[in-house]
Amino acid sequence: MILVDSNIPMYLVGASHPHKLDAQRLLESALSGGERLVTDAEVLQEICHRYVAIKRREAIQPAFDAIIGVVDEVLPIERTDVEHARDALLRYQTLSARDALHIAVMAHHDITRLMSFDRGFDSYPGIKRLA
């Protein structure tokens with residue numbers, strides 16, 4: 001099982017960028033390999049937050065369509081996930097709050113692989129980032 005981060009659909013629907021083709025290649029490889037892809041509710045919130053912040057609300061729906069179209073499930077955020085994220089933030093000083101929440105959801109669901117271009121995950125042990 002692989003958790004798909006928000007930057008994957010955002011590169012897919014965004015303007016020309018070197019990661020646009022990389023994101024497409026990663027998804028195609030995972031899907032053709034029969035991998036189970038999931039995301040979490042925080043990823044959907046990140047998409048909303050980012051596009052509102054850069055005044056591109058019209059990009060929210062295409063990004064949602066891109067990710068919902070490839071994942072098998074959107075995992076919820078539970079209280080225990082937030083508590084796990086808090087603990088990770090106190091232990092790993094370079095970890096962002098959003099990344100800590102994804103890591104907590106991954107731990108909750110025994111997921112060790114993450115599709116993301118965010119190098120912030122690299123400092124956390126036990127996570128294999130696919131980029």
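Backbone N, Cα and C define each Cβ position, glycine as well.
Lifted from Swiss-Prot, the feature list:
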DOMAIN    2-128  domain 'PINc'
BINDING   Asp5, Asp99  Mg(2+) binding site
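Counting every protein chain shown, the Cβ of Asp99 (Mg(2+) binding site) has 24 other Cβ atoms within 10 Å. Each residue in the domain 'PINc' (2-128) gets a DSSP state, and the totals come to 77 helix, 14 strand, 36 coil. Under 8 Å, Cβ to Cβ, and six or more positions away along its own chain, Asp5 (Mg(2+) binding site) finds Thr39, Val43, His102, Leu114, Met115, Ser116, Phe117, Asp118.
In the predicted structure, the domain 'PINc' (2-128) carries a mean pLDDT of 96.
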